[in-house]
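As written in TrEMBL, here are the features:
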type	residues	note
TRANSMEM	45-68	transmembrane segment
TRANSMEM	88-109	transmembrane segment
TRANSMEM	213-234	transmembrane segment
TRANSMEM	241-260	transmembrane segment
TRANSMEM	389-410	transmembrane segment
Amino acid sequence: MSAARVDYIAPWWVVWLHSVPHFSLRLQPVDSTFNPRDKSYQESLLLLGLLAAICLGLNLAFLTTYLVCACCCRRDHEVHTKQRSSCCITWTAVAAGLICCAAVGVGFYGNSETNDGAYQLVYSLDNANHTFSGVDELVFENAQRMKVDLEQHLARLSEIFAARGDYIQTLKFIQQMAGNAVAQLSRLPVWREATVQLTELSDQTTYVEYYRWLSYLLLFILDLVICLVTCLALAKRSKCLLASMLCCGLIALLLSWASLAADTTAAVGTSDFCMAPDIFILNNTQGQISTEVTRYYLYCSQSVSSPFQQALTVFQRSVTSMQIQVSGLLQVAVPLFPTAEKDLLEIQLLLNSSETSLHQLTAMLDCRGLHKDYLDALTGICYDGIEGLLFLGLSSLLAALAFSMLICVGPQAWKHFTTRDRDYDDIDDDDPFNPQARRIATHNPPRGQLHSFCSYSSGLGSQSSLQPPTQTISNAPVSEYMNQAVLFGGNPRYENVPLIGRGSPPPTYSPSMRATYMSVADEHLRHYSGEFPA
């Protein structure tokens, strides 16, 4: 254990997440050791996801209570109250938009970190898989050389050297050394089953990670679009667009809490593994690989010798002994039996290839390469992967907060839109001070007021008939006009043709607006009576 901790140290967030209490669905304490096959441990992770579902229920209950209160309560329609409500709606929408943008930014970073960690795990698994496959291939090739190729050459040489008993004894010795070498190769572990499992794990990780990354990417884009379009609906005062975006915001709120549940469960489960990964690997490789071999690769300590050292040493000695015997036969037997030279040279080439393969096999079975892959995989999972999951969880919380704020501000904005339209509906359509009437008159002018060019030119034909009518300058008091300008929201200014004093009929108002008109008019008359005497 001490050797492993020198190379791998669990980060603080792994220790923190591992310390989260684990309870079964019956609320009984569960051991936090990573054991995904245990039913109680599975229930403890499921309970963490249910906690997020409970938080979602509380969030929806709060939103429902707020919406009911907001719809039932009646507010004063005074000017200053409406202005304060409008300002509150604006700043709440701006804050929700900023929080949503922050959630998307944090989410993109967390999604990228998790993706990097997952693909670092896949890369390490592929490297280890390549090493195991290479070891099995080298062992098979060397055994094939000794069992098949070497036996064929020895059989032909036995026919050639049939008359010489000493040469036959040398061939039997070479055959015995070849059998010994094959026996040593058989002592090496076969990694075929481990290779199949690693390949399956790598493929599953790649498949799941791709769709996880894509799902979160689409979720962040959806969050950003909903937030921006909702702010646009508030700015454009569009009820239809606002209602549609609020419905989409509710869906995004549900997705945010669901993603938080998945992130929390995955982070805690992965942290349980990262707290003691060697124990989990030792327990799950029993019966497939010897404990001595597993410990050798997990810890890779200089004080621990390689479990393959003896087998590789005996194999090398056997190959060296066969090379010596073959070299002797080349020097002694070839002058007497020239036809044996080809087979002896083939055997010598085969033994040289076996020696080269032995060096490659020794290097591939060394613990340093596989131990590095093991540490890289742990770094990808326990550092980048869990860190990314934490940022994704934070992003989900921020997104839930942002959409809760938007849903809360929606009914207030709707009432504000309705109040504004009701104020316009209280004014007569023929009132020139009605903004809606002015907009309608601009787009649809009355036909009776349209004069063609021919009506002006059908008179005497002189240029004097084309002159516009003379404007009548009013002698109305300046203070009266300024009071009217301030009353209807404009700054006091002087015009060539003021409305006051032209004998035009006054506009019609509802009783509520008439009372507001009279109170504001009296206040401004008192204010300007001293500044502009009549």
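Heads up, residue numbers simply count up from 1 along the chain you see.
Using the three backbone atoms N, Cα and C, a Cβ is placed for every residue, glycine included.
Given the structure is predicted, the values throughout are model-derived calculations rather than measurements.
Counting same-chain residues at least six beyond the ends of the transmembrane segment (213-234), those with a Cβ under 8 angstroms from any Cβ of the stretch are 89-90, 93-94, 96-97, 100-101, 103-104, 107-108, 111, 114-115, 241-242, 245-246, 248-249, 252, 255-256, 259, 392, 395, 399, 402-403, 406, 409, 413. Counting only same-chain residues 6+ beyond the ends of the transmembrane segment (45-68), those with a CB under 8 A from a CB of the stretch are 20, 23-25, 253-254, 257-258, 260-262, 264-265, 268-269, 400, 404, 407-408, 411. For the transmembrane segment (241-260), the residues of the chain that approach it from at least six positions outside its boundaries are 52-53, 55-56, 59, 216, 219, 222-223, 226, 229-230, 232-234, 392-393, 396-397, 399-400, 403-404, 406-407, 410, 413-414, 417, judged by C-beta separation under 8 angstroms.
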